[in-house]
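The structure appears right after this line, and notes come after that.
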Amino acid sequence: MEGMALYLVAALLIGFPGSSHGALYTLITPGVLRTDTEEQILVEAHGDNTPKQLDIFVHDFPRKQKILFQKRVDMNPAGDMLVTPTIKIPAEEVSKDSRQNQYVVVQVTGPQVRLEKVVLLSYQSGFVFIQTDKGIYTPGSPVLYRVFSMDHNMRQMDKTVVVEFQTPEGIVVSSNRIDLNFTRPYNLPELGSLGTWKIVAKYEHSPENYTAYFDVRKYVLPSFEVHLQPSEKSFYIDGNENFHVSITARYLYGEEVEGVAFVLFGVKIDGAKKSIPDSLTRIPILDGDGEATLKRDTLRSRFPNLNELVGHTLYASVTVITESGSDMVATEQSGIHIVTSPYQIYFTKTPKYFKPGMPYELTVYVTNPDGSPAAKVPVVSEAIHSEGTTLSDGTAKLILNTPLDTQSLLITVRTNHGDLPRERQATKSMTATAYQTQGGSGNYLHVAITSTEIKPGDNLPVNFNVRGNANSLNQVKYFTYLVGRQPKGAGQNLVAMNLRITPDLIPSFRFVAYYQVGNNEIVADSVWVDVKDTCMGTLVVKGASLTDNQIHMPGAAMKIKLEGDPGAQVGLVAVDKAVYVLNDKYKISQAKIWDTIEKSDFGCTAGGGQNNLGVFEDAGLALTTSTNLNTKQRSDTKCPQPANRRRRSSVLLLDSKASKAAQFQDQDLRKCCEDSMHENPMGYTCEKRAKYIQEGDACKAAFLECCRYIKGILDENQWESGLFLPRNDNEDGFIQDSDIIPRTDFPKSWLWHTVQLTEQPNSNGISSKTMSIYLKESITTWEVLAVSFTPTKGICVAEPYEIKVMKDFFIDLRVPYSVVRKEQVEIRAVLYNYAGRDIYVRVELLYNPAFCSASTEEQRYRQQFTIKALSSRAVPFVIVPLQQGLHDIEVRASVQGWESVSDGVKKKLKVVPEGVQKCIVTIIKLDPRAKGVDGTQREVVKARKLDDKVPDTEIETKITIQADPVAQIIENSIDGSKLNHLIITPSGCGEQNMIRMTAPVIATYYLDTTEQWETLGRNHRNEAVKQIMTGYAQQMVYKKANHSYAAFTNRASSTWLTAYVVKVFAMATKMVAGISHEIICGGVRWLILNRQQPDGAFKENAPVLSGTMQGGIQGDESEVTVTAFTLVALLESKTICNDSVNSLDSSIKKATDYLLKKYEKLQRPYTTALTAYALAAADRLNDDRVLMAASTGKNRWEEYNAHTHNVEGTSYALLALLKMKKFDQTGPIVRWLTDQNFYGGTYGQTQATVMLFQALAEYKIQMPTHKDLNLDIIIKLPERELPLHYRLDATNAILARTAETKLNQDFTVSASGDGTATMTILTVYNAQLQEKANVCNKFHLDVSVENIHLNFKHAKGAKGALMLKICMRYLGEVDSTMTIIDISMLTGFLPDAEDLTRLSEGVDRYISRYEVDNNMAQKVAVIIYLDKVSHSEDECLQFKILKHFEVGFIQPGSVKVYSYYNLDEQCTKFYHPDKGTGLLNKICVGNICRCAAETCSLLSQQEKIDLPLRIQKACASNVDYVYKTKLLRIEEKDGYDIYVMDVLEVIKPGTDENPQANARQYISQRKCQEALNLNVNDDYLIWGLRSDLWPMKDKFSYLITKNTWIERWPHEDECQDEEFQNLCLDFAHLSNILTIFGCPT
């Protein structure tokens, strides 16, 4: 749709008599020609009426040795001596070197005609659009996708498309060549990376990429969605109204949610969220609606001066919890701008040039502060008055009548809203420049199109206005354009015509017109025209009948009807709308398609131009004439610096607090008072709290007064609350459970079908097709999305069709994404009653041996209760998963007296192993030429030694092989968009300023080198340069007269700091101007003259104050490290100072001589790497043996417990190898550096940051872009009969090859051929948690929790709470500054936001700030930032953590404290609640667990036991065995006892075939010990059920439950006593009867 197909070229011909020798010949082509695309060119003869044949050629450039295209056309008077042939350049005929621009020569030859134009070539021959079945997936699931391919005229492209899948790290894991409209699944790996993946598609011979995105997360679908709607688009600072946010919560099947919302407002300032604690409110959600209000007084209490908030944004954080508490959805409305004016004005699609004396059409775009279009807003232009009102898309068109005698025009437009004072209206100004006529002729053409909303089918009025020499204009007889003529009468300066808008003009086109004067002047104008975004064709999806459009039952049959263009291929998909609650960013739409197409427009302005040639250039055209009138040669497919295009796209207590605070008139003191009356989570006294106040003595006094005042009041009130769940065992009137068929099919998307509309079209040319489908069993709303494709009308995305599915009574079983084996968890089933009457319900949990629950094999767990009409009720089921894997959990429910109403749900629950997941990575360099024997490199990868593995859990090993080099991995692994934190304003003393200046310098250097500014925003570069110059100017304050530096000018000068200033300033000169070379060279002179010793070493006499800024230089071998560091600074400044510092070369030689003497004797890997870089940079080292010998694994230079130093040292080593041209050694090093995901910082990380990014940037520059690659790799895995064979060559170098195995065994890899590759072996397993293995460095840490009772006010819907107390002390000599606490919450718990806010907001603040990472699929994490941690006393924090769902047998949570300035200083401790009552009983032997019954053996409750009763019980059908046993010993384990018994006699044999072979274990709960009262060396009669047998590896164990019969069998001597004679006889008879005769039938 772009290129010449977008242009209507109208020629206004002035007829002058004359022969061809005075004729003017014109050639117009697109400014950029696309390969494999039909492009239209125009050739015209003016002043020549002689018919002729023209030959059109397209040649290669510059040699013109190859004809890429040729065509012959006839030019004659019948065609007005104007021809518009099409040309097409085959992609395979032109060079594919994407590193340089490619051009072609368009040539026209004929009698008296020879025209040539060199035109830029583009490989973008079409568009590829990718549709996925949804935008978010879970690991291991299939991604369904379709590929649509079309050219620029929206016609089908018959070209092969290459489709790649890329991980979030940018690694290509799949690459396929596919054909037209292809659809297939890609299966995500279970070990795949979480995050945003890409599908990248491109034509086989084109570098242009088209990308679709999808997210991979561990998630479960919500049951409802929440929408927030602010009362205004912005917060008007001068208003008096409060700010309201409407909350709407709807279940996905359309019904309203009943529940509660917790709302917190805040202000986002410079990216940091500042919450307003007093705004936290609890809002009832009734009938799905609620409203939250931010009062201006509440905002002012947090920010007294509201004017300081202008330019920042409000946000509202809302969490909605259902009435049953079963589900929770959190959302946020952000971007509510705080403004003085509620509007912003932009000049969009407005020409930069005007014609004096002619109308000038000005298009303005008015937005709300959030960027959305502002409709019905009056606007007015000043100076030249014109008024208008914005349309629904926010645009307004103003027509200005320009004066004749001006060359520039200052245009100011403002809003003219009646409710706003003038000073609050939005204003915007621009300057337009006069169009320059050719040779000052005064001839003008203005094309006027006044319509603003244009759609297909309209007749567009077009006016041609001409002004100039009257004699010339009178000779214009007609206007000619491509589809006909428009007559013009003599003296007529305005000619009008109508242009029919056809679908092929969507989404926009350019109308270019020109006329010629004589044989050398062209007068031209153009206008850009936007057309409403609709399909070129037709596609509608709907229900086939009225019945089909109604609400459906789950699994019901229905019909949908498709209507569209005959022959169209229609791709369908149905998506659960819950998916869009989580992510709706990547859904395909018609607007996104047109946006993509419009971005390929080679035009650069909204129309017009600086002069006649500028009109063509700005419209994306190239022109040449026979009189050498030529547009400029275009050298870029993109426009120069284009402007952003915006598409339309408690009362008494409160009274007491308030009255006390009101006693303070000063606002600051009032805040001190108010903060003191907030609850302190740690329980600190008022006096201790006051120690944390930094605002002065007056604030402390006010704080203490109010704190003591409120203390007595706070002690008076206590609240308690409880919960009672009734239970009813009545079973009458319910249908049989076996008659309830459970719902089991709950896909997130389905209906992935492609159909063709083959029916005969109706009178409107529309074909239809009716499809019968069976709905899936989810209670939700399905959104059916249809995308059609036709060869002539391209792609069309229909409006989604919604299908609602629900029942009057149903179960919503809320199952988490995964649970941990042995970890007790609560599963909730929510029962909904949408019937018009109350119902009595029975609900039951079905038994599954994979879980321990209240349901057993003998008896299911049931509850019965009443659910009121139009309400719901949650039923909790507590389970303990016992087996890893996917297991069914099923709940069924029926309604008493209503046989047709029931429901059942069966879902899969994923049970994962306990422990913590660990990864072990091994990297092997495959280089058969260097490492092979006889051309083959063989590697044996040994099995992992995993002593800490959780028993009976799987080990997964993933082998990834990728060809080197890995430059593309750098650019993706080190994401430029994550470097924003480095662009900061320098400040502080001479040392601190350099720390902060380093950040923007290295960020700019890296982003410049890797060309990644686009990821951060190109405007950020100007900001970074500004910060660099700010740092430079501030550092001049600390420059001494001798050009040396210190933290303060009154301190002694530092060798290291001066060298560092030289290094950073020298680096900055590559990016910014204005840094004095004399400043740099002055520092160099000082270093040489004052700090270099005779032996060449540099000496440090005045160490810096901030030792951490020096990185790894401190420590052993410091003289060598200081010398090497200083030498590096001298070398990096050499190009600047070589001419002005005479002694520079000799100084460098002395330093290198010194280092060479020390190099081979160095002990520290860090020192070795730094010295190697210094020597290599000076061209004094080319042998890497010493350097590589100091490495660990040949990919890193490590020292114990010093991660940031290791990053720094490894970066030095990489630089050294690059200087030595040892490129083959660099791949694994680069991979290790990028795998660290280290994005740097300032304090404590300065040197690691600067060296990492300097090294990676240098790698990008120096690494050869390609090398010969032809590798054969064979992997022999233990479980595979046939080896895996991979071939790596230049065609597939970027594709990562992967293999997986679950066997932890040795395997072999062999490689042969040319080139290198990197093999990464990643082993993932679950390791046992071992707190004692945690090493604490520089911190002492204690963590504890205790149960607390919640009053009603604090409950917030929680089921319980713990108080988490964290105490820490820094073990250094001074306080630790800027410390971070990373807390992993217990499963089911969330932090109390009020407690955390109080800790961070008051004047006695204990924490600087906090963040909560609440990923529903994982445990919640809390990050707390502390300004300091004392080294002399314990610092304690305490806050509540609230239990939102029941969890037992939980794994410990963790607390990690570490220094922001030095990540190696850290300590981790674990915590967990007391395992008390309320937990289900389980018994584990080794790693195998069984559910234990809730009651003990009930034998003691039998009133009378005799022989017949024993025979009856022992012969019950479910009794498996009867034994006489002897108790050998009792072993106590965690929570249970093991009774080890010998089976003396098998009275009734059972499943255990040989129980007398070895002693058998009988296992019982600890609480049954007293009831059982079993004694060692006593004999027992015992029998039990088959379900109580527990098969182990080579024997059976037996569970003692309430169904186990145990009686003491007296010894032989006791049987002589009268007391035991009858009992002994009964036992003997029982044994004889069952042994000889067996059980009676």
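One is the number of the first residue shown, and numbering goes on along the chain from there.
From the backbone N, Cα and C atoms, a Cβ is placed for every residue, glycine too.
Record note: Swiss-Prot gives D530, V531, D533 as Mg(2+)-binding, and the candidate from P503, P507 in that site is P507. Checking N209, N1138 against Swiss-Prot for the annotation N-linked glycosylation site singles out N209. Between C706 and the candidates C672, C673, C686, Swiss-Prot annotates a single disulfide bond, the one to C673.
For C707, the disulfide partner recorded in Swiss-Prot among C686, C699 is C686. Listed in Swiss-Prot as the disulfide partner of C1515, from the options C1367, C1615, C1624, C1639, is C1639. Swiss-Prot lists a disulfide bond between C639 and one candidate from C604, C672; that candidate is C604. Here Swiss-Prot gives region 'Factor B binding site' for one range in the set 59-70, 179-190, 731-742, 851-862: that range is 731-742.
Counting residue by residue with DSSP, the domain 'NTR' (1496-1639) contains 44 helix, 53 strand, 47 coil. Within the same chain, residues 301, 657, 660-661, 663-664, 714, 1363, 1365, 1392, 1395, 1398-1399, 1401-1406, 1436-1440 sit at least 6 positions outside the domain 'Anaphylatoxin-like' (672-707) and bring their C-beta atoms closer than 8 Å to a C-beta of that stretch. Secondary structure by DSSP for the region 'Factor H binding site' (1186-1249): 38 helix, 2 strand, 24 coil.
With a cut-off of 8 Å between Cβ atoms, the residues of this chain six or more beyond the region 'Factor B binding site' (731-742) that come close are 840, 842, 844, 860, 862, 864, 890, 892-897, 899, 902-906.
Each of the recorded positions V531, C686, C706 was ranked by the number of other C-beta atoms within 10 Å, and first place falls to C706. Note on the domain 'Anaphylatoxin-like' (672-707): mean pLDDT across this stretch is 79. Cα to Cα, C1615 (disulfide bond) and P507 (Mg(2+) binding site) are separated by 103 Å. Put simply, C1515 (disulfide bond) is 20 Å from C1624 (disulfide bond) when counted between their Cα atoms.
Other than P507, D530, V531, D533, the residues of this chain whose Cβ falls within 8 Å of the Cβ centroid of the Mg(2+) site are, in sequence order, I454, I506, S508, K532, W594, E598. Nearest in space to P507 (Mg(2+) binding site), taking C-alpha to C-alpha distance over the disulfide-bonded residues C639, C686, C706, C1367, C1436, is C639. Secondary structure of the region 'Factor B binding site' (731-742) per DSSP, as helix, strand and coil residue counts: 3 helix, 0 strand, 9 coil. When the domain 'Anaphylatoxin-like' (672-707) is classified with DSSP, helix, strand and coil residues number 21 helix, 0 strand, 15 coil.
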